[in-house]
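*Asks:* Before I ask anything, here is the structure I am working with.
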Amino acid sequence: SFTISLHKEDNTTVMIKLKPGLSPSCRIRMKNVIRSELKIKPGDNVTFTFTCSTPEKYFIMEIQKNIDCVSGPCPFGDVHLYPLGLPRLNRTYFWEVKASTKAGLELKFSTSWLRQIEPGETCPDSVSYNISSCIDKSMVNIGTFCRNGSVSRIKLLGGVVMSLHLPWHLPLTTSGFNIANRASIKRLCIIESILKGESSVTLMSPNYPLGFPEDELMTWQFVIPSNMRASVFFHNYSLSNCERKEERVEYYIPGSPSNPEVFKLSDSQPANIAGSFNMSLQGCDQDAQNPGILRLLFQVVIQHPQVDENVTHLVDLSKEKNMTVTIHLEGWPSHIPLMSEPMCLICKDPRTCDRVLTLNSGAVYRISFLCKDLSRLRITAEKGIGCMDIRWCQRKIYSLSVPKAITRLPIRLHKFIWKLLATDMINVEITSPSLKLQQDVREQRCNTSYSYSIVSATPETELNVGVFCPGGSIEKIQMRNNITISLKTYGKGFINESIPQDLKMSFVPHIKDECTFTVSPNPKAEVYLQTPNWRYGLPPYVSISWFIIVPSKQTARLGFSMDRMGIACETGRAYINIKEETLGAEEIVRREDELLPQPRNMHHDFWVNISNCKPLDKTQLTLQFRVTFADKQIDLGIILGVVAGAGVLTAIGLTVYCIKKKKKKTQNPMVGVYNANVNTQMPGKKGLFGKGRQNNESHVYAVIDDAVVYGHLLKESNGSVAPEVDVYRPFDGPVGSLPPSPPPFSFRKDIKCSSNTEEEPPPLTDTDQDTYTFAHQKSGQSEDNGDASKKDKGDISVPLLENKEWDGLVE
């Protein structure tokens, strides 16, 4: 059983009640009466028991004591826990102290002091204090505190309500605070914080986060050793809507020429303060209709003076445009250092320091560091380059290199980002003439100290072009849409390795493909290339091209890493096109349902084009291919063929010589014979599928002597001789300017072919006006002569020779 006896003059009340939400499985028995709660008033003497052996699971206890410092003497000194012999229950002590608003009360805490915590946070030992102040019959919550902190004293205006919460298993006998004295403070409260050595303290304005009282003033006093430095950081604040006056923060710093120093809450707060100082928060008269909320959570960090705090570094950004430079701790912004971690501060003047400092282009800065270990700091920079009119920026070449103002700082560059912005019909061309770029793939990893990540973005989709580093074979990349290039560093070798940076950028007119690579390898090189967006696959209907330059006297061997594309199409077809840049070269076309080409040798510069459909069932198009180079081998069969051909030509020459000598007395007139293999036009850009006289060569004839006409090359037909007509004309357009492309998606149809035509590409139509598409004709189809309808409009007709004139040659 328990006996509680309360003296009447102590003004103490004890209340035992069930925890909220619990059923009365345990009761209080007093004499023969069973109760679920018990209230013991001043002057009562009560004996009771519990009906269970573990009452701490069901009951809590509140002990309230009233202290009157207005009508009688104030009991200065330590505040004891009264009464003794209470049951071991979770208990909360309340002390309500009445005082005059003209005389504030000072609460002084024992040597462990207090640490303020945010609402909802709990103390490690479950011992917590809550302090409130009574102003004009309204309660202001000064804050909730745990033990073991830096808050040593709190002075409050008017009355005070102090509460102490203790867990049932902790047998404390002292409250840990005393009422020191009464003194007029003319403000809501004064909180004193004593900091020793390198440390930090986090504090909040009263009523946080609900709002600081209207037009009130409060002060924090920070006691700091004279040989230490303090810096103030605002981590969370909001402002109310003021009708009169202005919310502000005032600092009183000993030795300052302008005390108090006034700051807005949005300003960078003072840093590197030598010794003790005061900080005050002033509210305003708020708008009655929309008052808003004034609140503040801040941190004060104490550090030793840094050896190099007076060393300044010049950062000249006066000639830069659209660039920002941010100096921060490693891992920012995803990793925000704990407030208890040692500070690493960046200062743009002796008193303006922060964990993160942003410098803007067009200005000159002198910065210093309050940091023991500069290796923890990083630099992230961003620069924007835009083009809205191709007439003004087409001929400009921009250097994508890190400015020396950044590389000269004693801090490692983490990332430099270029954002290239242009309108829809303007695209970006990236070149690396001397170093060239290597695509980072699994079979050919980058081992440099930095790399470039290139991303092309539109409002609909984002295309991760890939990761590239210097020292490869990619000479040029052309891309559509807005581009982001991110240079990222690895290790400490960037400063030395990045000296010969040669990445250039220019704006070019609109291109067809989403991305085009120009690959210019060194002889005997081995190049691995893969489609962009490797992790997620090419977006639907995207076309990518590679133009591979084959060095002279070299042969390139092209091979794919897979046998098939590995996708199924819901809409459209996926294609791979391979085309050598030489007249009459065969174009190789494969669909997604066909086997990819086997490894093959390419003797001339060639194109590889990959075009995606809309994949089915979440399948993704990801392809990789390899190009290796070797010296060209002389084919013995070709040599023998050339020798044999020379012998035949020699024999024919002797025959012609004899015939000419026999008929030298008879002179035959010059005749015109059709020759389909003579091109009298200089190579140039062809039209888009138009077949006029200029490019179908229907009007071209060669004038030859009858003595050198070989009769066995002609055929007789009804007494007349007609030339043969070439029915297949391979692509003979400009070389090296445009990549091959499959038919447009509106013309791609699934064509059923016999087994002997598997290698044949799908037909194209003359309605395709795309400049990237090659024309194909099947064997057995004659050319559509654009001049067929013009024979009666001035075309020259040449009579054919009769058979008797060729008697000497037919044999």
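Just so it is clear, glycine is given a Cβ too, placed from its N, Cα and C backbone atoms.
Annotations for this protein, taken from TrEMBL, read as follows:
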type     : residues : note
COMPBIAS : 770-783  : compositional bias 'Polar residues'
COMPBIAS : 802-811  : compositional bias 'Basic and acidic residues'
DOMAIN   : 2-69     : domain 'CDCP1 first CUB'
DOMAIN   : 78-181   : domain 'CDCP1 second and fifth CUB'
DOMAIN   : 187-290  : domain 'CDCP1 third and sixth CUB'
DOMAIN   : 314-402  : domain 'CDCP1 fourth CUB'
DOMAIN   : 413-495  : domain 'CDCP1 second and fifth CUB'
DOMAIN   : 513-624  : domain 'CDCP1 third and sixth CUB'
REGION   : 734-811  : region 'Disordered'
TRANSMEM : 636-659  : transmembrane segment
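Are these features on the surface or tucked inside, and what are their neighbours?
*Replies:* Secondary structure of the domain 'CDCP1 second and fifth CUB' (78-181), assigned with DSSP and counted as helix (H, G, I), strand (E, B) and coil, comes to 0 helix, 62 strand, 42 coil.
For the domain 'CDCP1 second and fifth CUB' (413-495), the DSSP counts in helix, strand and coil order read 2 helix, 52 strand, 29 coil.
Each residue in the domain 'CDCP1 third and sixth CUB' (513-624) has a pLDDT score, and their mean in this model is 92.
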*Asks:* Look over the recorded stretches 78-181, 314-402, 413-495, 513-624 and say which has the most C-beta pairs under 8 A to the domain 'CDCP1 first CUB' (2-69).
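*Replies:* Highest pair count goes to 78-181.
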